Amino acid sequence: MVDSVYRTRSLGVAAEGLPDQYADGEAARVWQLYIGDTRSRTSEYKTWLLGLLRQHGCRRVLDVACGTGVDSIMLVEEGFSVTSVDASDKMLKYALKERWNRRHEPAFDKWVIEEANWMTLDKDVPQPAGGGFDAVICLGNSFAHLPDCKGDQSEHRQALKNIASMVRTGGLLVIDHRNYDHILSTGCAPPGKNIYYKSDLTKDVTTSVLTVNNKAHMVTLDYTVQVPAAGQDGPPSLSKFRLSYYPHCLAPFTELLRAAFEGKCQHSVLGDFKPYQPGQAYVPCYFIHVLKRTA
């Protein structure tokens, strides 16, 4: 339905099933350059995530949107037992390559990587003994990739229910989304640096909002990225690609998350890794939800 009104992705990207917006391979390659490796993660993000997981005694972590594996690699290096899944085989190949290259390291030899779909996650990923993972992470605005094809958010509810089912009692779900409240009210993303990536390759990001029947239905981001030349002497080139997102606003997404846990959770919201208060002066780029299953 979404493609009948507006082209949601770069040409060549798969249109059936759970949309893989990186299926043409080129978008996945450019995205890998854009986000970089573990060294490209901001120190604030790394310190926050590792501190959160260790504070709650998390050891077994499920990354349900691992992409190229950059977060999972960081967690494996830090001693966590990691299972990494993604719906895009083009993205997973980078994670698989890293695991192969470091297979002689015991931690990487034990790293589990699987292709999986949020809509069937409970069937695609076996739970560890003890009734679930200590922590499930879905970061980098990943969940917003899932569109609302039926117009009733039933896919969102099912996917979140499946993701929540992987969290053990006392375990955490850490999931985020861009500040779509600000994007929808202003038409632009909040000013400020990316809290996750230190990439200096981004030359431009253009934001568009699609409204259907007076309701925001989709946000597209058109990236222009400077790609380094293959050789030492060649000039860099500019690559363009488009990604589309469902605009999850803070209040309704909070309701979806609590429903996924049937209300049996503790829930807190951060704005760019800091406690968030509605109406505060600072406008965050991302909202991060931390939910702890209570029963």
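Quick reminder: no glycine exception, Cβ is built from N, Cα and C everywhere.
For Ser4, Tyr6, Arg242, the entry in Swiss-Prot reads (6S)-5-methyl-5,6,7,8-tetrahydrofolate 1 binding site, with the evidence type similarity to another entry. Feature annotation from Swiss-Prot assigns (6S)-5-methyl-5,6,7,8-tetrahydrofolate 2 binding site to Tyr6, His217, Arg242; the stated evidence is similarity to another entry. What Swiss-Prot records for Ser10 is phosphoserine, and it gives similarity to another entry as the kind of evidence. The S-adenosyl-L-methionine binding site feature in Swiss-Prot is assigned to Tyr22, Trp31, Tyr34, Arg41, Ala65, 86-88, 117-118, 139-142, Arg178, Tyr223. The annotation phosphotyrosine is assigned in Swiss-Prot to Tyr34 on the grounds of similarity to another entry. Per Swiss-Prot, the feature N6-succinyllysine maps to Lys46, Lys193, Lys198, Lys203.
A map of Swiss-Prot features onto the structure.
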residue	record	DSSP class
Lys46	N6-succinyllysine	helix
Ala65	S-adenosyl-L-methionine binding site	coil
Ala87	S-adenosyl-L-methionine binding site	coil
Asn117	S-adenosyl-L-methionine binding site	coil
Leu139	S-adenosyl-L-methionine binding site	coil
Arg178	S-adenosyl-L-methionine binding site	strand
His217	(6S)-5-methyl-5,6,7,8-tetrahydrofolate 2 binding site	strand
Arg242	(6S)-5-methyl-5,6,7,8-tetrahydrofolate 1 binding site	strand
Spatially closest candidate among Lys46, His217, Arg242, the listed recorded positions, to Leu139 (S-adenosyl-L-methionine binding site) (Cα to Cα): Lys46
Nearest-integer angstrom distance between the alpha carbons (Cα) of Ala65 (S-adenosyl-L-methionine binding site) and His217 ((6S)-5-methyl-5,6,7,8-tetrahydrofolate 2 binding site): 22
Euclidean distance between Cα atoms of His217 ((6S)-5-methyl-5,6,7,8-tetrahydrofolate 2 binding site) and Asn117 (S-adenosyl-L-methionine binding site), Å: 22
Spatial neighbour of Lys46 (N6-succinyllysine) that is closest, considering only the binding-site residues Ala87, Asn141, Arg178, His217, Arg242 and their CA atoms: Asn141
